[in-house]
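Engineer: Below are the features listed in TrEMBL for this protein:
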DOMAIN    1-364  domain 'Major facilitator superfamily (MFS) profile'
TRANSMEM  30-48  transmembrane segment
TRANSMEM  60-78  transmembrane segment
TRANSMEM  90-111  transmembrane segment
TRANSMEM  173-197  transmembrane segment
TRANSMEM  209-231  transmembrane segment
TRANSMEM  238-260  transmembrane segment
TRANSMEM  272-292  transmembrane segment
TRANSMEM  313-333  transmembrane segment
TRANSMEM  339-360  transmembrane segment
């Protein structure tokens, strides 16, 4: 199997090559999404989950979300700054994308592989030394033995994508499909993609709409730190549920304001326009410390080693699929539903909040290699899973 670190390096190098060719072949830009995004989204959360100690796994895993959101915010600022440079501003904007790719490639060369991956390839002595180094102690016998046992089981699985369909992996498969689906159905991508359109529709000028969308991007980037500070103390479920409740509230408030005060050739007053922006920022804030990072963290830590790669691949594929569907459908939905678009997303957030309350057990403080026992203790999944051999 490929080492995870090699996977990361290959993705970064391909981005550099793609950006260098963009001036001559705009089709290459599509390869960025086809090759780079799925690879990074799959490899980075798994790498962080396998390297992090159990009691810090949630917070460290969310650094991926921090980097992603700050990258998006920075890219928006670069685009804003280069839009008036004629006629080559767009080339400068795209070319600057090679800078973070070069930094990631250089950093990736310095990264060690994960102990799990080393054990899985038979390098047990090297894996143990690395585990002792990253844990800062020689007392790693229990954790290392769990890795060895998981590796022995994983080596007996020849077809992970076929095996993940078996009944004994039903909880993991359900989460691999529904967690990324619900993450996109919060409506966050629609708000971030079309924030200028939304704000212009509500009566903001062009410049004001750009500032407003930049504001939501900054809120999203900074809000992840709330989750980092609390996820390993409060747990995953409380953040997902409370974040869902706050997002529902914000969506309903915006729908009511727009339904009552906007439409029929009327524009929002300055006071209500500011209120809408504030409430949308509160929605983005709630997403940023709940479903934003945890939509990646939870799937990355629940899969046993034998189906881990297959499970994370499904998670990323579903996420990108629904990102595409919602991006294509949003403007049509906005024209048809008008203010009801916010109630549409509020309905989905209600469903996913109930889903977490009923079907997702708490993963805080549970070693990755022991997640299988967590499902067997859950009131619902223990009735679904076959009896242990």
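Just so it is clear, glycine is given a Cβ too, placed from its N, Cα and C backbone atoms.
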Engineer: Would you kindly check 173-197, 238-260, 272-292 and say which stretch has the most C-beta pairs under 8 angstroms to the transmembrane segment (313-333)?
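Structural biologist: Comparing 173-197, 238-260, 272-292: 173-197 has the most Cβ pairs near the transmembrane segment (313-333).
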Engineer: Determine which residues of the chain contact the transmembrane segment (60-78) at the Cβ level, with the cut-off under 8 Å and only residues 6 or more beyond its ends counted.
Structural biologist: 44-45, 48-49, 51-52, 93, 96-97, 100, 192, 213-214, 217-218, 220-221, 224-225, 227-228, 231, 288, 292-294, 296-297, 300-301
Engineer: So what's near the transmembrane segment (238-260) in sequence-distant terms, Cβ-Cβ under 8 Å and 6+ beyond its ends?
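Structural biologist: 186-187, 202, 227, 230-231, 268, 272, 275-276, 279-280, 282-283, 285-287, 289-291, 294, 338-340, 342-343, 345-346, 349-350, 352-353, 356-357, 360.
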Engineer: Do any residues of this chain, six or more beyond the ends of the transmembrane segment (173-197), have a C-beta under 8 angstroms from a C-beta of it, and if so which?
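Structural biologist: Same-chain contacts beyond the flanks: 72, 164-165, 206, 209-210, 212-213, 216-217, 220, 247, 251, 280, 283-284, 287, 291-292, 295, 298-299, 302-303, 311-312, 314-316, 318-319, 322-323, 326-327, 330-331, 334, 341-342, 344-345, 348-349, 351-352, 355, 359-360.
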